[in-house]
Amino acid sequence: DRYGRKMGLFLSALMSSASGIATATATSFPMFVIFRGCVGLGIGGITQLATLYTEFLPITNRAGCIIMTEFFIAIGASVEAVLAMIVMPTLGWRVLVVCSSLPLLIFSF
């Protein structure tokens, strides 16, 4: 795992975050689509987190921990919606995209 999944997870999170922040600097629609596509590629690599996470959990706690993970994903989606309602009317979509990408950048390190 030293150079395998953990490094892949790090690079996927970094790619998603950097591409998300780069999306805010897009000056044309094709550039916007390319950056968002890179975000999608990075998010695709982050799905290995579930495998890495569950591999080290005791079998007796595995189901509960996975349910808690799904719970926090729902909470995160709700927080994102509230953030959008607060940020979009005054600061615009570019600031929202940067604010949404920062937690993943922090996770990367």
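The backbone N, Cα and C atoms fix where each Cβ goes, and this holds for glycine too.
All TrEMBL annotations are machine predictions without curation.
Quick caveat, the model's predicted, so the values are computed rather than measured.
Going by TrEMBL, these are the annotated features:
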- 1-109: domain 'Major facilitator superfamily (MFS) profile' (DOMAIN)
- 34-53: transmembrane segment (TRANSMEM)
- 65-85: transmembrane segment (TRANSMEM)
For the domain 'Major facilitator superfamily (MFS) profile' (1-109), the number of residues DSSP places in helix, strand and coil: 94 helix, 0 strand, 15 coil
Per-residue pLDDT averaged over the domain 'Major facilitator superfamily (MFS) profile' (1-109), given as an integer: 88
